[in-house]
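Student: Below you'll find the structure I mean.
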Amino acid sequence: MLSLKLFLVTLFLSLQTLFIASQTLLPSNSSSTICKTTPDPKFCKSVFPQTSQGDVREYGRFSLRKSLTQSRKFTRTIDRYLKRNNALLSQSAVGALQDCRYLASLTTDYLITSFETVNITTSSKTLSFSKADEIQTLLSAALTNEQTCLDGINTAASSSWTIRNGVALPLINDTKLFSVSLALFTKGWVPKKKKQVASYSWAHPKNTHSHTKPFRHFRNGALPLKMTEHTRAVYESLSRRKLADDDNDVNTVLVSDIVTVNQNGTGNFTTITEAVNSAPNKTDGTAGYFVIYVTSGVYEENVVIAKNKRYLMMIGDGINRTVVTGNRNVVDGWTTFNSATFAVTSPNFVAVNMTFRNTAGPEKHQAVAMRSSADLSIFYSCSFEAYQDTLYTHSLRQFYRECDIYGTVDFIFGNAAVVFQDCNLYPRQPMQNQFNAITAQGRTDPNQNTGISIHNCTIKPADDLVSSNYTVKTYLGRPWKEYSRTVFMQSYIDEVVEPVGWREWNGDFALSTLYYAEYNNTGSGSSTTDRVVWPGYHVINSTDANNFTVENFLLGDGWMVQSGVPYISGLLS
């Protein structure tokens, strides 16, 4: 109670003092002037007192503080609905509310981190680009969480008047408020030019072209993991694989501990979930990764890795050898968000040599194999297999290298900042009267630093689509949300892709606000001569394409090298 009173007093004082013209390096303006830089100036002005006066950072702090208050209020609203109306609601409606509760918790955490950062940053102090990118990423994810909740409510609880009015309407206003906070942060704190990003102290030396040595022989050779002698002996006896004999820290990945999963009982655990639960909470990574080695086998379980299981690395025996499988889907009452066979939210998660599968089939519609809301997550030498909505790159920053993704409708979707590199994208045979869309990117706000980058990948049909003689139309993507952003660059595009390349979502929705681009692709389906002529479609040059590389889009040189996973930092020369 005392903390609540203190917060309210602070909020009241901020109304009195926040907008007094400050003698800083930033100009003081009215809310009308400041709000012109936001997507919804009218709503933006309603956020602030009418006589307010201040610089963009003062407005930004106030908006973030108010966003945090509203996020906490919304969480309490969801709790009330789940407590009072559970027995009266359908399974899908309860599932949508539970998704909202989970997402609201994440959003509150993101807003706390964002507000604490800007609150200690004076008008004369600048944020490093990596820190500014982190906060812009968190605020982008907060908006994504709101939209995910709203989509779920509109789909699963559309017939419930009380939920529509008690949950959806406040959620819409909160989304507008978060958009204001993101816009003002982008205006006030994000540097105009990107600067060199510092690497972790225990990462490998930076190579501006590629990082390939540590895991290059991961699939079949010795593993470059650095651990204690006891842990090494246990691992090698259980896995029957040797670790690299290399005392040079530059060429090894630091490991704090390791456990094994084996269905025959010879490991530490028989299920992946048990192994995940054994991992330490809230580690900072300085001691290395907690490794879970999953031996070959088919694991029929829905795995959820919570946000507190940081720096977790999961290693399998290879694609189609270590398989995690499930069959949740929307037809059977699950939400799209919660249909995932494998779902991860923990930062700095790494998966290697694994297959993630949803076996629901095309007739069950949305059925997710993998959902990642994990910041700074990496998937290397993995496969993702389903039909509609296979891979849900939900939010935050993600990287996929040498992975195979199979699906039909919107089979790579979400609103993360994500780069796919050296991956194989396999459109497969959908249901009758359906078409294939490889991507459905979900950016809802022009200030979100999100999008899908397909770099040096191969797009070709799966075997079942080949046997159908290409009777199904396949597209590079379609705009799920208003500011959808997807780039294909330096990739091989097979003739399976329609000459127009892209498909509408619904009429002219988003055709002027989306950003779809292609750069220097090859293959019989790569010609841009007959591509769509939408205002938002572009054939770009190398300067523009550089914005969507690992180095610039993910700032990957600052965090990816510690994982040992190979990657190309920039464009191919």
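Glycine is no exception: its Cβ is also placed from the backbone N, Cα and C atoms.
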Student: Need one residue: from GLN366, GLN448, GLN490, the one Swiss-Prot lists with THR336, ARG478, TRP480 for substrate.
Tutor: GLN366
Student: Just choose from CYS382, CYS403 the cysteine that Swiss-Prot connects to CYS423 via a disulfide.
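Tutor: In Swiss-Prot, CYS423 forms its recorded disulfide with CYS403.
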Student: Taking only the Cα atoms, work out how far ASP410 (active site, nucleophile) lies from GLN388 (site 'Transition state stabilizer'), in Å, as a whole number.
Tutor: 6
Student: Please state whether DSSP places ASN29 (N-linked glycosylation site) in a helix, a strand or coil.
Tutor: strand
Student: Max Cα-Cα distance in Å among THR336, GLN366, ARG478, TRP480, the residues listed as binding substrate?
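Tutor: Largest Cα to Cα distance for the substrate-binding set is 18 Å.
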Student: Over the region 'Pectinesterase inhibitor 41' (25-184), work out the mean pLDDT and round it to an integer.
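Tutor: Average per-residue pLDDT within the region 'Pectinesterase inhibitor 41' (25-184): 90.
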Student: Sorry to bug you, but what's the C-alpha spacing from THR336 (substrate binding site) to ASN264 (N-linked glycosylation site), rounded to the closest Å?
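Tutor: With distance taken Cα to Cα, THR336 (substrate binding site) is 33 Å from ASN264 (N-linked glycosylation site).
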